[in-house]
Amino acid sequence: MYTKDTIVAIATPQGNGGIGIIRISGIDALAIAEKLTKKQLKPRYATFCNVYNDNEIIDHGIVIFFKAPLSYTGEDVVEIQAHGNPFILNLIIKAALNCGARMAKAGEFTERAFLNNKLDLTQAEAVADIINASSEIAAKSAAKSLQGDFSKEINNLLEKLIYLRMYVEASIDFPEEEINFLEDQKIHSSLEEIYKVILAVKNSCKQGVILAEGITLILVGKPNAGKSSLLNALAGKESAIVTSIAGTTRDIVKEHIQINGVPMHIIDTAGLRNSDDIIESEGIKRAIKKIQEADQVLFVTDDYTNSQVKFSDIKEIIPEFYDQIPKDIDITYVHNKIDLLKEVPHNHANHIYISAENNIGIDKLKEHILNKVGYTNQNESIYTARERHVTAINNAFEHIKLAKEQLELGNGELLAEELLIVQEYLNSITGEFSSDDLLGEIFSSFCIGK
């Protein structure tokens, strides 16, 4: 069991509220709580009492003691439910510190839960995901990860992989046997099954990352092309000022929306043009910088000639900025103001036709965005995932392909080695083998009281 010092923190969000919760965890949690309350606390009982600093009453509320290991962290845990005034809560924190506790670091309660085997690393990450979920589907998916769906899939895969690796190694360890184990159809079928499962998990992880982290869309284009109108149309509200004056948007405007439950972070940028205006020029610099961070760029244009669509690329429309835009970035050309055309072309490839002002073609654009980012699975059975999960699964997938090659070549030792590498990558997902640096990075992203 993880039994270092005793930690304390406010577990509820900052600000005023009806109730504020303070969490204490560690070997001295009960002793500290009994000093604060001057009560003997029974495990799993709600005790209504005063909370003191020495002999001065700070507040009164409900105190619950969770005896190890039947607690969130696996240690002795006490939760004090007081009035949700920040000044009151901070006074209780100070009193707990005076009794020997220390302030918890970000995510330290969940880190202790992980180190005490109350949950694995994917479940620990799901705690943060469920707190930060920005859509209903994302919240449900995070809940599935928290209850262990993702972990079970990885562990079932590991079980099959380890069994196969042991079988292969047995063929290496007993060369005197006249049977060629590598020609055994059992190995071929088992390896093929593992390959297919890893491929399926790889695809699920990609969907899970989209739900957990969302998609960043950047709206760029020349001034007055309708970027702000498009932002408002996608958001379904007036998020940006729209005028006929070119250069109205001079800074970054952000909006968070959902498209079919997928979180989208939309950023409207200053129109790209050479400008003598200092503020507008700074906005254009920021726009170029944001383009480099985008998952997808929506290049908004109203470039028509004689009421006909002109198929120009970025190099033609804004040649002065072309060299500053990454060449590998995914760009969709959004042809706005189609209400001005006599005949509207059909959407094709990366060209979508809309009228932001009249809300024409917006649903088709949303559908196009989801397809471009690769979100196809809207099944509620999907779980959330992180970029590190995707990296680990991608690496495992590459090495399982190498394992298949070694099997075809009859190289038993190299086959076993590739299977071991796959196993290590899968273990890193659930935290079976994780470096201190990785753990520090993961838990530091949590809020203090979790």
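Glycine is treated like the rest: Cβ placed from N, Cα and C.
Here is what Swiss-Prot records for this protein:
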type: BINDING; residues: Arg23, Glu79, Lys118, Lys450; note: (6S)-5-formyl-5,6,7,8-tetrahydrofolate binding site
type: BINDING; residues: 224-229, 243-249, 268-271; note: GTP binding site
type: BINDING; residues: Asn224, Thr243, Ile245, Thr248; note: K(+) binding site
type: BINDING; residues: Ser228, Thr249; note: Mg(2+) binding site
type: DOMAIN; residues: 214-374; note: domain 'TrmE-type G'
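When the Cα atoms are compared, Asn224 (GTP binding site) and Lys118 ((6S)-5-formyl-5,6,7,8-tetrahydrofolate binding site) turn out to be 55 Å apart.
For the pair Ser228 (Mg(2+) binding site) and Lys118 ((6S)-5-formyl-5,6,7,8-tetrahydrofolate binding site), the Cα-Cα distance reads 48 Å. Lys227 (GTP binding site) and Lys118 ((6S)-5-formyl-5,6,7,8-tetrahydrofolate binding site) are 49 Å apart (CA-CA, integer value). DSSP assigns Arg23 ((6S)-5-formyl-5,6,7,8-tetrahydrofolate binding site) to a strand in the three-state reduction. Of all the binding-site residues listed (Arg23, Lys227), Arg23 has the fewest other CB atoms within 10 A of its CB. In three-state terms derived from DSSP, Lys227 (GTP binding site) belongs to a helical segment.
Local packing around the Cβ, expressed as the count of other Cβ atoms within 10 angstroms, is greatest for Ser228 among the binding-site residues Asn224, Ser228. Looking at Arg23 ((6S)-5-formyl-5,6,7,8-tetrahydrofolate binding site) and Lys227 (GTP binding site), their Cα atoms lie 47 Å from each other.
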